[in-house]
């Protein structure tokens, strides 16, 4: 079903206006996570997260699952430095990729909370992240801390964008999303060495450097980059001829409403798509790379493809993955199929309502809004809430034909835009 609409509906607008329209206001249908609300920052809370006057914010690029994480061989690192954790390699890689948090961040926090990775005792294996998580068990704590970091990171970014849209100052204290996420988490639960003068990020930076040999100049970033990064991210959209839809050219699938990667909160970086939205046990279909790039297999059910420009797409609930780490692919290269079995679709746990592809857009490791992104001839308008399926607000606009395509209606993939 297609609805002819005026081209004016899809005309460019102010990035900050789009931000206001696209900020999360709820919605948990088809949620991929635990239905937790977005982390809400306030001026009062941020007043408790001040960096020491001599400190610089942490580099977002080393916090997120971007180029540094993709170049990191987690399994080999664990085999050499933490053999007791080697069988957890896929679990760590999967959830680090899902939340797009560098696994080095997680390993650093483990050392800070439970001691050296090389010979963990029974307590450390049961609670590797100590007081940072109220959960019990290795797997539960790992996922909980990654989830907390993700919620805090994007909650801070959302707060900054709201402030900018209201024409209020942002970034004046040099605090960025990575620093806010880690500082908030560490202040709540971590033991801070008196040597660090009560500065949890100082202890974190020293531990990170010791574990991975990262120069201080790379681990930190100038304070004046914060506001510039925010302004640039608000206007982000991939080149109009870079991406196609993530299913075979010549086929029609049915996407649902845009939502955050976890199904609640911000940004609306993701949509789910299926050929016919069947029940578990039904036939499923080929998932393809939406663009050219380098493959990262995050687990048996999750793949990422990263373009040299920094744009990336994530593919979750996969089966029969037929690409490998480091492989170069072009747009429309088959990656696998979306899983028809719930245990395969959720290979490392989680939740899902039925067979589908969970597709996400990222830039330099950060989830970014689909607003204004083009996939072939279609430009997306994300709506005003998670899983907003109302075609007056959420739609794929065919820029060539001037037609608007609604959620849960077959959407034909003609390939890349010419």
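For all residues, glycine too, the Cβ spot is worked out from N, Cα and C.
Source: prediction; values computed, not measured.
The annotation active site, proton donor/acceptor is assigned in Swiss-Prot to 317, 356. What Swiss-Prot records for 259, 272, 358 is Zn(2+) binding site, and it gives experimental evidence as the kind of evidence. Sequence annotations record features per position, and here Swiss-Prot assigns disulfide bond to 301-347, 391-406. Among the features that Swiss-Prot reports, signal peptide is placed at 1-31, with the record citing an author's statement.
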Cα distance (Å, whole number) from residue 272 (Zn(2+) binding site) to residue 356 (active site, proton donor/acceptor): 6
Neighbours of residue 347 (disulfide bond) among the recorded positions 259, 272, 317, 358, 391, 406 (Cα to Cα, within 10 Å): 317
Densest Cβ neighbourhood among 259, 317, 356, 358 (recorded positions), 10 Å radius: 259
By Cα-Cα distance, the member of recorded positions 301, 317, 391, 406 nearest residue 358 (Zn(2+) binding site): 317
Between residue 259 (Zn(2+) binding site) and residue 391 (disulfide bond), the C-alpha gap once rounded to whole angstrom: 15
Shortest C-alpha distance to residue 317 (active site, proton donor/acceptor) - which of the recorded positions 272, 301, 391, 406: 301
Helix, strand or coil at residue 406 (disulfide bond) [DSSP, three-state]: coil
